[in-house]
Amino acid sequence: MSSKFPLGVRFITHSLPCTRLASMNSGALIYSFRSVPVLSKAFPFRLKYIGLGSRVNFSTRPERSQPEFARRSGAGGEIRASKSLIEDEAELSDWVSDLRTSSLRGKFTSDEDNADPEVVRRNVDRDTSRGPRRGREGQSDRFGGAKRGKEGEMDRFGSPNRRRTSGEPADSFGNKRLGDREGSRNGRVQGKSSESSFRGRSDRNVDSGSSFRGRSDKNVDSGSSFRGRNDRNVDSGSSFRGRSDRNVDSGSSFRGRSDRNVDSGSSFRGRNDRNVDSGSSFRGRNDRNVESGFRREPGSENNRGLGKQTRGLSLEEEDSSDDDENRVGLGNIDDLPSEDSSDEDDENDEPLIKKAASAKAVQTDKPTGEHVKTSDSYLSKTRFDQFPLSPLSLKAIKDAGFETMTVVQEATLPIILQGKDVLAKAKTGTGKTVAFLLPAIEAVIKSPPASRDSRQPPIIVLVVCPTRELASQAAAEANTLLKYHPSIGVQVVIGGTKLPTEQRRMQTNPCQILVATPGRLKDHIENTSGFATRLMGVKVLVLDEADHLLDMGFRRDIERIIAAVPKQRQTFLFSATVPEEVRQICHVALKRDHEFINCVQEGSGETHQKVTQMYMIASLDRHFSLLHVLLKEHIADNVDYKVIIFCTTAMVTRLVADLLSQLSLNVREIHSRKPQSYRTRVSDEFRKSKAIILVTSDVSARGVDYPDVSLVVQMGLPSDREQYIHRLGRTGRKGKEGEGVLLLAPWEEYFMSSVKDLPITKSPLPPIDPEAVKRVQKGLSQVEMKNKEAAYQAWLGYYKSQKMIARDTTRLVELANEFSRSMGLDSPPAIPKNVLGKMGLKNVPGLRTK
């Protein structure tokens, strides 16, 4: 009768060593067996404690010399006497004491590291043999990466490291011990020991073949090499940084090779193969859908929740609502949750406010040689070094490519440096941001350092911007100017990010300069502990785009902010226009002896002076086809086209973007219903790209600098004359030429009387090919019904706010239903009764309710 034993029982074999014969050599891998103490066989721990086991040589070069193993890897094997019980107990005691200080990593050595017995001993004790040394490339890090010059020795994952003594523990993954991770689901699964040990032993149904180079074979459940932990059903060989997700055919090797459909593959050099959604490289970049970094946290599943810290940059983990957004490729834009319902959607907008990332965002402001030649109208001959600025600031200005000042900077800087308040009227796109940032930085430099006892250092400069895009752009430019001022920090607080995240960031990072939008700044004043106290240290207050701040209804918030900062301060108001509302706020914000600087001379053209302007009048049912024809003609004439299309509302913006996407155009969209991180990414992509179309609402109308925009199309009625001018100002920036087209319906033509003084001419309609009409109709039929319904409702609400049109509500509803038919709908969508009540359109004929 056969006996059955539990799976956990292991028979105790004799302790006498087995002499190996020459015929037992296995080739490349030579296993040296020795006597195993009796207590170790009875000890209740399993493969994770392999300190008593033999060292395994994973050599791929068996012909190299191996001094330490030479005496026991020969044909004769190893002969030694059995150990006594006392020796066993002594060895066990030493091993247990090692448990307290070591990370329990399996001890295996690389052949190249075995040349010297002393080196071998030191490498085994400190677990330094993780990869082959790299010849003349300098001291290699733990995984074979060459250390770079005097940038500081790097540990195995790129963080600064000092030379350890042999007695110190050599931890990895942010000094997390392997023993701390035993609580995760990697490990024993349903009674199986799938610990992917360094002995190369495989569990049941597991083909362990993860090699020292991280190779991954077809249908191989490999025990991930180095630190890769093997999950159930994981085809993984992810080494160094590769994440091991379930059912992922991964093979991210030591050089970052990546198979298709790999969601990790973050390579040592940061290379990305197709369908790879990551690439967090050694330089600290964090691309979308990557939650990997330099530290592996204990108990993390599939390596989620990993953060990284490089050169002081702290990337927070994205929250779940951003995960859905990250799955949306920019080439195929889907609808995302509105900001109204998920205002705290994510925190991934931080890269734009970090010094390492700011240079890219600001390079568009560099006056290149071409700019200098074509933009004499706004550049002066005055150099920055003619003013008493910090040498480090001047060095950063030179690195940024600025040589001479703009007219705005030349006019405002001397007065501001004298300590006076300033109201400056200037053309859009002429360097207003640098004009107020440079003197603000000088104010920070001259301020006495905060006392060491102060837990919350004061905020010295407060910049208030009307939109998130403007705030992010201003913060990026500030970081560029602060390139050689490492002790001065810039933080940005804007809607669309979590309030606790911003609170944490301001507490842990330097924040002498704060850039904010009014609503979020008010939130911090009311809800952040100690924030109001920090604002009492403000010495410089800047209101950027002051006219726009007031147009957006922020007057009460601005008054609240002004009351929260000291009266003894210096204040700058910069604006493209100075209407009566701005003059009124001047009495509250500025001192009586403030200077008004008008950089727009009478008779000189505005930014749009070199922009060819035209308008077209067509019925609503022809607008979409007409837009398609205009775009096709412009693309045919301009290889490096860059087009911005402005729409009346966010939902109409989404509709137009969906339509153009169906027509196979390279299109992106930005509007208030998109999460802030999405808007930041798309804005940055559009800024750097060519041959691209951006469909946007008025969030991109002011101040945002997109270089080389060749065409601006405005679909529908602008809210007013100033909005038309600001939209048009996205092209023709910095002296370059551009083109603007305003597309109106016949009943919107009254708007032209407000811009009759501008050089805008009426253009005949281009011929529309019937085939183009069919393509547009087909594209509209493929747009989701919910998007059409939302666009109809938003369109109705927008034109209800236009007094000239909203006077006759019956006529307004007829026009809305005409817009509905232009989208290809037979009948207008139903609108909830409560929404109609808020619009003031209850019981109006022609509306359907639900």
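Here the Cβ of each residue, glycine as well, is placed from N, Cα and C on the backbone.
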Exercise. According to Swiss-Prot, phosphothreonine sits on which of THR60, THR109, THR501, THR680?
Worked result: THR109
Seminar exercise, completed: In Swiss-Prot, the phosphoserine annotation, restricted to SER110, SER194, SER236, SER264, falls on SER110
Exercise. According to Swiss-Prot, which listed range is motif 'Q motif': 382-410, 440-468, 469-497, 556-584?
Worked result: 382-410
Problem set entry | 80-83, 204-207, 544-547 - the range that Swiss-Prot marks as motif 'DEAD box' | 544-547
Exercise. Using DSSP, how many residues in the motif 'Q motif' (382-410) fall into helix, strand and coil?
Worked result: 16 helix, 5 strand, 8 coil
